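The signal peptide feature in Swiss-Prot is assigned to 1-25; the stated evidence is sequence analysis. The annotation topological domain 'Extracellular' is assigned in Swiss-Prot to 26-323. Look at Swiss-Prot and you will find Asn52 tagged as N-linked glycosylation site, backed by sequence analysis. Annotation source Swiss-Prot lists repeat 'LRR 2' at 95-117. If you look up Swiss-Prot, you'll see 247-314 marked as region 'Disordered'. The annotation compositional bias 'Polar residues' is assigned in Swiss-Prot to 296-311. Per Swiss-Prot, the feature transmembrane segment maps to 324-344. Annotation source Swiss-Prot lists topological domain 'Cytoplasmic' at 345-678, citing sequence analysis. Feature annotation from Swiss-Prot assigns domain 'Protein kinase' to 346-651; the stated evidence is sequence analysis.
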Amino acid sequence: MMGCGFHFPWFFFLIIGLQAPLSLSLTSQGSALLKFRARVNSDPHGTLANWNVSGINDLCYWSGVTCVDGKVQILDLSGYSLEGTLAPELSQLSDLRSLILSRNHFSGGIPKEYGSFENLEVLDLRENDLSGQIPPELSNGLSLKHLLLSGNKFSDDMRIKIVRLQSSYEVRLKKSPKLSPLAVLGCINRKLGHCVSRNRIIQVKKVEAIVFRIKATSRRFLKAFPSFLEETDIYKRRELLEETSNLAAEPAPSAPSPSPGIITEASPRSSGSFPAVTNAKKRRPPLVPPVPSPDKGSTSPDISKNQPQDNKQSKGSKHVWLYVVIAVASFVGLLIIVAVIFFCRKRAVKSIGPWKTGLSGQLQKAFVTGVPKLNRSELETACEDFSNIIETFDGYTVYKGTLSSGVEIAVASTAIAESKEWTRAMEMAYRRKIDTLSRINHKNFVNLIGYCEEDDPFNRMMVFEYAPNGTLFEHLHDKETEHLDWSARMRIIMGTAYCLQHMHGMNPPMAHTDFNSSEIYLTDDYAAKVSEIPFNLEARLNPKKHVSGDLEQTSLLLPPEPEANVHSFGVLMLEIISGKLSFSDEYGSIEQWASKYLEKDDLGEMIDPSLKTFKEEELEVICDVIRECLKTEQRQRPSMKDVAEQLKQVINITPEKATPRSSPLWWAELEILSSEAT
């Protein structure tokens, strides 16, 4: 007994030592967050009330914290009126990708340690009381894409410092909706990509880049005119005065007087080697005295001969300058108009006239964002007072409806019934979802055909195509549904591949947020229709929600990546050819189950027993593609374009054959009207 009592403490400490590494990551992350909490002097809304030592093992449930696989990926405390200083210890969050602290009252400077983030992509410090200089260490952040600093109190030489930072990411310094030169520079360096504004991500218009280049081109063109060379002396002087890189200097003691033909204005500051001109009024050339009026009967003198020659030249140069300015301005204006028209025609959805038959009321309004806005009353009639429920999900319900033309629709309505529960962030996510879905427009996709938003009574809805034959999951695993033969399954595989290829090929690429057999619906002729979750807002909007699982598929703040869809497509093909669930308690994941057959090339053993026939050549190619799609390293996986091309070489199903043979009426009308509009 004594021996046991003697060894027990050592055994106890051994257990603790083994468990320590498991919580080390959480402890280090929690310590960094608690040090940030200690620097917050005022928390009027109690946002950080659940940030405490006792809950350090549950830090993924702390307000504003979003985790993926137990690692802090996002810290979003925007708009909580927090006061204090920024904690340099946040740089210890090595997996942090987004740090959003905008619209608070943080003071002091930006810690130089923020340049040591390894994976940080977004640093948003807008509308605080930060001051001092931007630390040059921020240039060390190789992964930083968006740096937002407007609405602070940085020193005047901030622009000089920020120029030294890398121009591979976008910088936002001003509140003005106009882009600052630095922001424009950043955008041009990124091939006119997306720049970050105060409230949203906006597309930099190509017109601005064209105007930027026209200025330099027109300047070189005008140098051919002598009058322009005379007038540019004062213009250059003013430009130099406005450059922030020219530091203030005292006026030179013996500043040369300007040429007689140029009138300069006094300026309170000077620029480097160009002294400011003071007391300009005293340096103006004397006015030409008036010519006395001639006596009656006497011949009028030739006034032009009495005027100085330089006055003639001055008037002439002014007239030439005026004509040149008008000509150049007209030319630039014409180019801007042409560029705007070209840009709008390229970026915007083609203008389509209202449907001519079968639709009434709001459905006949012109398109605004690619889809029409509908009335609740019209949808209520179509869905029989919202009594025809297809399915209820976590956060939204899907109803079936029929329009007056006979077209069947599916209406997804959020479960939130009061406007006070619908936050601003939810509204932004809702509109972003509409914008995203409205741009896909593929015949193997469950397309968005309308939306409804009203506040009295409150509702937010999306209207989709209706696929009457249920989901692929039901046909593969429910014995009561109709059996799918080998040809039907191959058509579903190809239709799905073409749809994902289209989504990944968009600009910017769009990846499916949760790709699986339950998100693939079938039409009357068993063509595949890929659907997207309309209201998946909880993970984005609930700061206490812990996000787990595959980062690429479940995180909404961090957009999904196409490589994750490629992996899911490989799992889907296994599910289609084998008829087995993607996960089962019996055999685990379908990948583990299939690995032994894929390694030994014993492919026939994987075939669904309910299939009477199958094509061995197609099966071999499918299994080759599956091996590529399921590779652990994302970079080694093929693109969906390569996947579709490889499958198409053996499976003779073109995109036209993979689409529904009987398109819904609204698709047919849309195609007719599109051809008429063009």
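Using the three backbone atoms N, Cα and C, a Cβ is placed for every residue, glycine included.
Mean model confidence for the domain 'Protein kinase' (346-651) is a pLDDT of 84. Packing around Asn52 (N-linked glycosylation site) is summarised by its Cβ count: 13 other Cβ atoms lie within 10 angstroms of its Cβ, all protein chains included. In the three-state DSSP scheme, Asn52 (N-linked glycosylation site) falls into the coil class.
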